[in-house]
Amino acid sequence: EISVLCDAEVALIVFSHKGKLFEYSTDSCMEKILERYERYSYAERQLIAPDCELQGNWSLEYNRLKAKTELLQRNHRHYMGEELDSMSLKELQSLEQQLDTALKQIRLRKNQIMYESISELQRKEKAIQEQNSMLAKQIKEKEKSIAQQAQWGQQHNNGANTSSYMLPQPPPCLNMGGLYQEDADEARRNELELTLEPIYSCHLGCFAA
């Protein structure tokens, strides 16, 4: 009736007081029903067990972290020089040794940082010096180029002035006919003076007589 009303697979296992087995199953065989039961019950146990284990692990982890935190806080106070009254001589010596070791490490790290800083500054200084040398060289070359250009310009100007002073005087006249004309006129004037001189002397003598 349960199988029909609920549309379910039913399996019944009964042991008598003498240990005799009685079983009943619906249309499916007993082995399939038991296998299905084992599969689902195992999956359910796997879901429940981690939750319980995880809850227990959380409690253990919390207690462990709490104890570790308290220890760190107590050590921090000891390193700061607090709550030293409860410490024994051995604990104080151990604390002193730890502080000495820490100071050595601190000084070593400080010296390393200072050395790295000095090396970096020296590297920058060298780079700046090289840059300054390069700039000075460029300035010197530029000044030399400007001086050479000025010297070349002065030499060019001096050469131009000397050339103007040494130019020959141009001839008075390049017309050959004109030159011959001047010579002919000069010859006529001389001839006329020679011709007129006896006549002029004669007239003067006549007037004197």
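Including glycine, each Cβ sits where the backbone N, Cα and C put it.
No curator has checked TrEMBL annotations; they are predicted automatically.
According to TrEMBL, the protein has these features:
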DOMAIN    1-28  domain 'MADS-box'
DOMAIN    55-145  domain 'K-box'
COILED    89-141  coiled coil
REGION    146-168  region 'Disordered'
COMPBIAS  146-166  compositional bias 'Polar residues'
Average pLDDT across the coiled coil (89-141), rounded to a whole number: 93
The domain 'K-box' (55-145) - residue tally per DSSP class, helix then strand then coil: 82 helix, 0 strand, 9 coil
